[in-house]
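Enquirer: What follows is a single structure, and I will ask about it in a moment.
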Amino acid sequence: HCPVVAERFSPTPWCWGGRLQTLVCAALKSRPPVSYRNELIRTVDGGQISLDWVDNQASVTYPESSTRPTVLILPGITGNSQQSYVLHAVSQATRHGYRCVVFNNRGLGGEELLTPVTYCAANTSDLECVVQHVKGLYPTAPVLGAGVSLGGMVLLNYLAHKRTESGLVAGITISVPWDALKFSSSMEEPLNWLLFNRHITKSLHQILNRHRKILEKVVDVDYVLKARSIREFDERFTSLMFGYNSCMDYYRDASPGKKLPNTRVPIQCLNAADDPFSPQSAFPVSIVQDLPNVALVLTAHGGHIAFLQGFFPRGESYMERLFGQFVHAVFEHPKEIKRACGIKEEQMKD
């Protein structure tokens, strides 16, 4: 049901390298118009999460809101519902008649922090809260999780932790860093540090500064702001925020590759071998080979959240087409997909 997988992916001819694909995508990618309905929900610890909904009330395929399938989207490390890749995913899903909801991590998407707690790749409690909320609103509507980069790490860690009780019928990830330590080391290579690491670290600083008043209750904000890399930021902030003894402990816990055998739903993962964020040596190829429910789609080129095609790569690309086909396959052919994944009938009740 995903014919794009059988295609030979031909990247934009003047944009072969992974770094160039990543940069060009960020600069040139189109932004489909999307109108969201925002909802703020509370967490058990008193925090709040911002959800951006596209209800798709005009859906011809699923006119009944109660049964309309829902795509739950998890953006990347500093991303929100306005990222171009999120807008394209929403455009694809709504075109098929589905509902979408974007899970903005705490402190992102214009949300204020009510408690001195943020987010990380290993912590899945907020995602569990969101899934329970969505399932509570639409108990009979199937929900598929779609995670991009760090959002994909959170999704896979959640699916591995919850197993058959995830509340999700399937998952799809794009450009997941499979090993957090190898991701960090790759991002510290001189060119990658200059092009990507420095920019992301600066964005993390901006988030920290925006919520300085409440976060300075638990961390030395000025010390954290001196971090010059993502790893230094995680050493000084993230690992401490979530109770890890060291950054290495956090990175081990955040890496989803070895946890895949615990997952129990159909999962499709797209990665490029030239992704500067996720080195090829980290891909869990040998693990996936023994898992009937996980498909690892690897391309030689494509960069990080890019996969650009055509001479003028502004519109939909391989990444968007694969996403659209997989989502459609899961929602329209659920029993067939699950049987192909070796999932038993009693597991189909989620």
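Yeah, the Cβs are placed from backbone N, Cα and C, and that goes for glycine too.
This is the feature table in TrEMBL:
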DOMAIN    3-118  domain 'Ig-like'
ACT_SITE  Ser149  active site, charge relay system
ACT_SITE  Asp275  active site, charge relay system
ACT_SITE  His304  active site, charge relay system
Enquirer: Please spell out the DSSP helix, strand and coil residue counts for the domain 'Ig-like' (3-118).
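Expert: Once the DSSP states are binned, the domain 'Ig-like' (3-118) shows 30 helix, 24 strand, 62 coil.
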Enquirer: Give the number of CB atoms, excluding that of His304 (active site, charge relay system) itself, located within 10 Å of its CB.
Expert: 26
Enquirer: Which number gives the other C-beta atoms within 10 angstroms of the C-beta of Asp275 (active site, charge relay system), all protein chains shown included?
Expert: 29
Enquirer: Cα-Cα separation of His304 (active site, charge relay system) and Ser149 (active site, charge relay system), in Å?
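Expert: Just about 8 Å between their Cα atoms.
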Enquirer: What is the pLDDT of the domain 'Ig-like' (3-118) when averaged and given as a whole number?
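Expert: Mean pLDDT, the domain 'Ig-like' (3-118): 95.
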Enquirer: Would you mind reading off the Cα separation of Asp275 (active site, charge relay system) from Ser149 (active site, charge relay system), to the nearest angstrom?
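Expert: If we compare the Cα positions of Asp275 (active site, charge relay system) and Ser149 (active site, charge relay system), the gap is 11 Å.
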Enquirer: Report the same-chain neighbours of Ser149 (active site, charge relay system): residues 6+ apart in sequence with Cβ closer than 8 Å to its Cβ, ordered by sequence.
Expert: Pro75, Gly76, Ile77, Gly79, Ile174, Ser175, Val176, Pro177, Phe277, His304, Ile305
